[in-house]
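All remarks here apply to the structure that follows.
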Amino acid sequence: MSQSQHWIATAGQPLRGTLEIPGDKSVSHRSVMLAALADGVSTIDGFLEGEDTRATAAIFARLGVRIETPSPSRRIVHGVGVDGLKAADGPLDCGNAGTGMRLLAGLLAAQPFDSVLVGDESLSKRPMRRVTGPLAQMGAKIETQEDGTPPLRIHGGQRLAGIDYTLPVASAQVKSAILLAGLYAHGETSVAEPHPTRDYTERMLSAFGVDIEFSPGHARLRGGQRLRATDIAVPADFSSSAFFLVAASIVPGSELRLRAVGLNPRRTGLLHALRLMGADIVEENPAIHGGEPVADLVVRHAPLHGIEVPEALVPDMIDEFPALFAAAACAEGPTVVRGAAELRVKESDRLAAMATGLRTLGLRVDETPDGATIHPGELAAGTIESHGDHRIAMAFAVAAQRSTGEVRVEDVANVATSFPGFDSLARGCGFGLAS
Ligand code: S3P
């Protein structure tokens, strides 16, 4: 796919149908990592065939792990044990994936060999000291660029010691990197968070037989444990589902069913925010898949009104702000976002990218250092720069469903990092979306 790929998005039909959303990105990354470190063979079902998660799988193949793909979205991972990884023959490319790079930093810092982690243009600008700092406190040796960005040059062969670390910002990636390093460290490692974040690493380590204590906002494990192979069922990604939840909410006459979506409470802040705005979203067929709560989400069009997004919800919807901005643009009355400065260091500066894009379509958006106020209105035609950020591109494809004109979304190739097939799924249920 070329970087210059774009979409022409226009108001389409009422959105109708039953959708199967691809597997969760966070769970897919972790499933390959932990299965690789386990003793024995693990099968992963529902693996996200996105560029980010495939990059992680390709890295483990280069570290000497045999990974079979018997059919799409299925992986059979022949674990090599915690001490079985082998040095790669060159830099390891994490692509666009902050999760891949940050978690691997923790894991590779504990190996007896050196590694170099590189990423694409966006990842190469993202802050890494948030992981290299605590890892250095454990005894790791990792070099970054002078400004703390990748590449990461990891000097293996260090003896790591457990730490008690309190995260300065809520980050599941940093927590997970420390826990993975902690698996190899002498003594105990514990992490405390200012606000609980997604706990997939903790849940999955436990599923792989690791003795780990965790509760919202805390995790603690002892180094020197082994992992036992297990099978993983990856739920449908809530963050990918979010675009359809918003689209069906804002397009009159819509009704969509999203099948078996992962509803881990640390991911579903947007569901609460949309309901506060008046959205009509019903959960049906609740079940537990691979230890994670899932349910069908049935969403029908409903008039939305603006809200002050409760700050306590921010970490639980950290990836959903692009979608929320699209909903806010089509609501009645302003929506206020605060306490979301982390959005400035995601795949793009998401506060700036969404504010600028919505202004281009004719809205007033007041930006602050840690948020924005979105004043809804009629959306006009315009050309949107996605900054190569998958979620910005998808958010504007959604907003365009309520536009009076043609919205050209530039640079959409990276949608394949998290949601391959988004455009055909969207067209299939009624979106006006041409490539
Ligand atoms: C993720 C954690 C979040 C999220 C990212 C995936 C993870 O990042 O934004 O898309 O899988 O752990 P932070 O931990 O940096 O907030």
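We number each residue from 1, going along the chain as drawn.
Note: Cβ is positioned from N, Cα and C throughout, glycine not excepted.
According to TrEMBL, the active site, proton acceptor annotation covers Asp319. Taking a C-beta cut-off of under 8 Å and a sequence gap of six or more, Asp319 (active site, proton acceptor) has these contacts in its own chain: Ser239, Ala242, Lys346, Arg391.
The 3-phosphoshikimate binding site feature in TrEMBL is assigned to Lys25, Ser26, Arg30, Ser171, Gln173, Asp319, Lys346. Around Gln173 (3-phosphoshikimate binding site), the same-chain residues at least 6 positions away in sequence with a Cβ under 8 Å from its Cβ are Gly98, Thr99, Arg102, Leu103, Val131.
As annotated by TrEMBL, phosphoenolpyruvate binding site applies to Lys25, Gly98, Arg126, Gln173, Arg350, Arg391. Its Cβ placed at the centre, Gly98 (phosphoenolpyruvate binding site) has 22 other Cβ atoms within 10 Å.
Per TrEMBL, domain 'Enolpyruvate transferase' is recorded for 11-422.
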Consider only the recorded positions Arg30, Gln173, Asp319: which of them have a Cβ under 6 Å from an atom of ligand 1? Write none if no residue does.
Gln173, Asp319
Arg350 (phosphoenolpyruvate binding site) to Arg30 (3-phosphoshikimate binding site) - Cα separation in whole Å:
25
CB neighbours within 10 A of Ser26 (3-phosphoshikimate binding site), counting all protein chains shown, number 28
Taking the Cβ of Lys25 (3-phosphoshikimate binding site) as the reference point, list residues of the same chain whose Cβ is under 8 angstroms away and which are at least six residues distant in sequence.
Leu48, Gly50, Asp52, Thr53, Thr99, Asp237, Ser239, Ser240, Ser418
Rounded Cα-Cα span from Arg126 (phosphoenolpyruvate binding site) to Ser26 (3-phosphoshikimate binding site), Å
18
